[in-house]
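Heads up: the structure comes next, in structure tokens.
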Amino acid sequence: MRPVTSDNPSGEVLPVPHYSYELPTVEEERFEKLFRQLDVNGDGRIDIIELSQSLHKHGVPENLKESYATKFIQQSDLNQSGDVSLAEFIYYVSEHEKKLLLLFSNLDTDKDGRIKVNELITAFRDLGVAISRQEAAQLLKRIDKDGSLDIGFNEWRDFLLFHPTADLSEIINYWRHSTLLNSFHARIQILSRMAEGLQKKMQQEVEKFKAVQKEYQSVISSRQQLDSQLTENSGVKEELNLLESDANVFKLIGPVLVKQDLEEARQNVNKRIDYITGETKRLDKTIEDLDKKQDVQREALGKLQQQLQQAQVKAAMKA
């Protein structure tokens, strides 16, 4: 026996209805297009597995898709084959939409074809549920596709097409639940994007820090070379100071030794020492600046690391 539902209280096997002559062509084409989207393997039938895979794309929360798929198949599978044909699908969905239209009309108290915040608050109040304007606006935003801050029937229909009943209290519970989940997942996505942004920024800062370290090492190497040259030239200066004024002094120009005046040799060495000393002071200042720069970048990296860890923890806790 077929499962008992509100559409079929006796549970009897019902014949598959003919629908073509009852529907406008544009509606029939819309149903057929939707059916093809749900018919994942293209065999002309929709089963529970295919429907479960597709429902999340149609706004059904992940934790409800299997139960909704099961109920949808039970209510639309008129010949109890375990799956749904195009004819069964169109018949069930068209009947379900009629009920959704009636419900929409009841909520649309001013009959302008739109459900607005005040009308939604009234509907909740009639069910004994008090909601704020903020929550009502958030609920409408969940369905509103065109940003009008109210909803038309097409938006209402698309949102509730796979909801198993047209009972207003159940629909409102589902509406609030899915809106809460949607907002929850949106916050997770924001936190995840923040973490990704921080990760990217941190990587950029690490690359900058590496560049400064490389420059620092290069300057240190140059400084060490200058120290070596200063030691060498200081030794030459001491040797020149020990020589008599009439001593022969030579300098190497390429492969040739050229005789030069002792005083001139002393002056040349002093000039080299002065130059090396000046370069040493300049490099010492550069090293000092690079030390400060590295300290600033270390501090920035530490803060980014802390922010990244906090964002990752928040995202993990929300998930």
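Backbone N, Cα and C define each Cβ position, glycine as well.
For 188-215 (among others), the entry in TrEMBL reads coiled coil.
Tertiary proximity for the coiled coil (287-314) is limited to same-chain residues at least six positions away from its ends with a CB under 8 Å from its CB atoms, namely 191, 194-195, 198-199, 201-202, 205-206, 208-209, 212-213, 215-216, 219-220, 223. Look at TrEMBL and you will find 287-314 (among others) tagged as coiled coil.
Residues or ranges marked as domain 'EF-hand' in TrEMBL: 26-61 (among others). If you average pLDDT over the domain 'EF-hand' (26-61) in this model, you get 89.
Look at TrEMBL and you will find 95-130 (among others) tagged as domain 'EF-hand'. Long-range contacts of the domain 'EF-hand' (95-130) within the same chain, counting only residues at least 6 positions beyond its ends with a Cβ under 8 Å from a Cβ of the stretch, are 7, 136-137, 139-140, 148-153, 156-157, 160-161, 166, 168-169, 171-172.
With a cut-off of 8 Å between Cβ atoms, the residues of this chain six or more beyond the domain 'EF-hand' (131-166) that come close are 6, 55, 58-60, 68, 71-72, 75, 93, 96-97, 99-104, 113-117, 120-121, 124, 174-176, 178-179, 182-183. The annotation domain 'EF-hand' is assigned in TrEMBL to 131-166 (among others).
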